[in-house]
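What TrEMBL says about this protein:
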ACT_SITE  Glu179  active site, proton donor
ACT_SITE  Glu337  active site, nucleophile
BINDING   Arg140, Asn178, Trp345  substrate binding site
COMPBIAS  7-23  compositional bias 'Polar residues'
DOMAIN    43-415  domain 'Glycoside hydrolase family 42 N-terminal'
DOMAIN    426-635  domain 'Beta-galactosidase trimerisation'
DOMAIN    644-700  domain 'Beta-galactosidase C-terminal'
REGION    1-45  region 'Disordered'
Amino acid sequence: MALTDANRPQTPAATTPEQQPDSTPGGRPGWPTGLEGFGYGGDYNPEQWPQVTRVEDVELMVEAGVTIVSVAIFAWATIEPAEGEQNFGWLDETMDRLHAAGIRVALATATASPPPWLTARHPEILPQTADGTVLWQGGRQSYSVTHPVFREHALRLATLVAERYKDHPALAVWHVDNEIGCHVPRDYSDAAAAAFRSWLAARYSTVEALNEAWGTAFWSQRYSAFEDILPPRSAPTYANPTQQLDFDRFSSDALLGYYREHRDALRVITPDVPITTNFMMSSATKGMDYFGWGPEVDVVANDHYTIASDEARHIELAFSADLSRGIAGGRPWMLMEHSTSAVNWQPRNRPKLPGEMLRNSLAHVARGADAVMFFQWRQSKAGAEKFHSSMLPHAGRDTDVWRSTVTLGETLKKIAPVVGSRVRSRAALLFDYEAWWASELDSHPTQQLRYTDEVLSTYTALWNRGVSTDVVHPSADLSGYDLVVVPTLYLVSDEDAASVAAAAERGATVLVTYFSGIVDINDHVRLGGYPGAFRTLLGVSTEEFYTLQEGEAVRLSGAGDALTGTFSADLWTEKTHLVGATAVATYDEGPLAGLPAVTRADVGTSGGSAWYVGARLDPAGIAAVVDAALADAGLTGESDVPAGVEVVRRHAADGTSYLFVLNHTGAAVTVKTTGTELTGGVEVDGELTVPAGGVAVVQES
């Protein structure tokens, strides 16, 4: 029997705070021990520097207000310069020095890159690409995560570090490896192939079930034994789509299994020390299904970097922060890395403008982060990341970057009352890594669809209206939301589709965009008309996709009071028929002229509604649809705030609210609020002016 929606493995539900070890008096479950207030600091790499610099480092950390640093992330070759040799003296001194200064440590397992002696002796642990290219030693993460030899050495080192520092008073949290899967999210080596086969056998039990799930009757791909199966390596043409999707699932699980192995070993040695690893949750990193990873860490930690060429990078940052909070189950999370200024890995690396680093940092805090950390503490003088900005730059203390570093430390102390508070949202945006993987597979109606572009399109419209939005998995409990946005959810299970429909039945407004509900979890098309799983809910049936060519666009217009104006669509349109819904916008031209482009249907008896957008609308069009859906849902957001101004609230358990105002514009703005502005310590009575590029945090009264 093939794997179906009925017997699929379930994405773990977000762990509730009561299930996590409560490691702080303040009641932040799983939080680094002894870390009061906001965590502030960054990656610290003392092995790169002489003793005199290490002493100065800690003195300057105190000046900057640093409270926590990550140590020993890439220190394997320093700790073990050769097989059988150990060098812990420098790390002993570092831990002692940091503790003496009152600085907590996120101590890494030091396994992020194996040393040259290990890969030279065991080249079989090196990963491979789909075409068989070996990824050699010389960069970082040169390991096959499934190879038993690598796993043995990595676990041995992690255990060695844990046994040595298990009782050290500076130890606050374990930092397993680093950005797991960053450079090798997919390994096609023989070790990975063997692990993939084992994973498939566990998932499907029989090869007959696999054949049914993969649709191997097509192109003579039917398997007679699991032993015959390979990863989707380079082939003459398109690999089996479900094979590709399952390999994505397996790869994420394999990387997570590596983390779990370390976590479980650390838990035995230090049962009271929280354990985490740094995720990479953004609109660009798709290798890992972090909704499955979130419940496995004691505290969610994220690395985020803005893209210089993205003029709306502050909105993508907000999305990443909301996604981090969603994966954290609403609990406070750690911003483990971001940059003080320019990075080193983009085509053109721009420095951050005055005030931008502070706005970036507080945007993460506004959306739930209780720690703000950077890569890295001191800017390296050698190596691949020597031009990556840091808290302490090459030019030293008499710099804007250093002054900004000190200012941020001071600001975090001033807004300390915010710590532990939560963000509340009445809008949810459904986001799914499996749908991301599946929607961007080859041999689709268009190769130019990018899942996160569609997600950010609707998210941006919500951001522009100041609507607080939770980014959650489709399996999340939707009962607390008045608006549920479902952008391009190409793959969806029966259960999750039913949950979306149930939200509308309860009275919520549901907004679904094109190419949603098309396939089941095996990437099999749901027959009977698109959008498949959502067809009945939406009251429409699409018979054919009408993708548009490069440079081609069509005009459409509102068809009633619910939606007015004229908009355009590019890339994607559909030939859709009404089956109970009402057209609120129709095509004005082309082969679909007169047919519905945007529809709305009443749902249930509690005032629910379901909107469908069957085209890729321009920004004005999607904004108009989102506005109409918000009105349907009875949500207004911060409608009186000027464009480009970010307003977010966090709420404490005692009823206190904290208003964050981040002015991303070049002009001063005035917002309505009353309370105490914490960064300046001034009372606000009715109105607050925030300067161009400035920030404010108001404890409201």
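Every residue, even glycine, has its Cβ placed from backbone N, Cα and C.
TrEMBL does not curate its annotations; it predicts them automatically.
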Secondary structure content of the domain 'Beta-galactosidase C-terminal' (644-700), with strand meaning DSSP E or B: 0 helix, 38 strand, 19 coil
Where Arg140 (substrate binding site) falls in three-state DSSP terms: coil
Averaged pLDDT, computed only over the residues in the domain 'Beta-galactosidase trimerisation' (426-635): 98
Cβ contacts of Trp345 (substrate binding site) (under 8 Å, same chain, 6 or more positions away): His388
Alpha-carbon spacing, Asn178 (substrate binding site) to the residue listed as 'active site, nucleophile', which is rounded to whole Å: 11
Cβ neighbours within the same chain of the residue listed as 'active site, proton donor' - under 8 Å, at least six residues apart: Ala112, Asn278, Met280, Asp303
Distant-in-sequence Cβ neighbours of Glu337 (active site, nucleophile), under 8 Å, six or more positions away: Gly42, Asp43, Asn278, Asp303, His304, Tyr305, Met373, Phe374, Phe375
Sequence-distant neighbours of Arg140 (substrate binding site) in its chain (C-beta under 8 A, six or more apart): Phe74, Ala112, Ser113, His183
Cβ-centroid neighbourhood (8 Å) of the substrate site, Arg140, Asn178, Trp345 excluded: Ala112, Gln141, Glu179, Cys182, His183, Glu385
Extent of the substrate binding site in Å [max Cα distance among Arg140, Asn178, Trp345]: 17
Assigned element (helix, strand, coil) containing Glu337 (active site, nucleophile), judged by DSSP: strand
Mapped DSSP class for Asn178 (substrate binding site), helix or strand or coil: coil
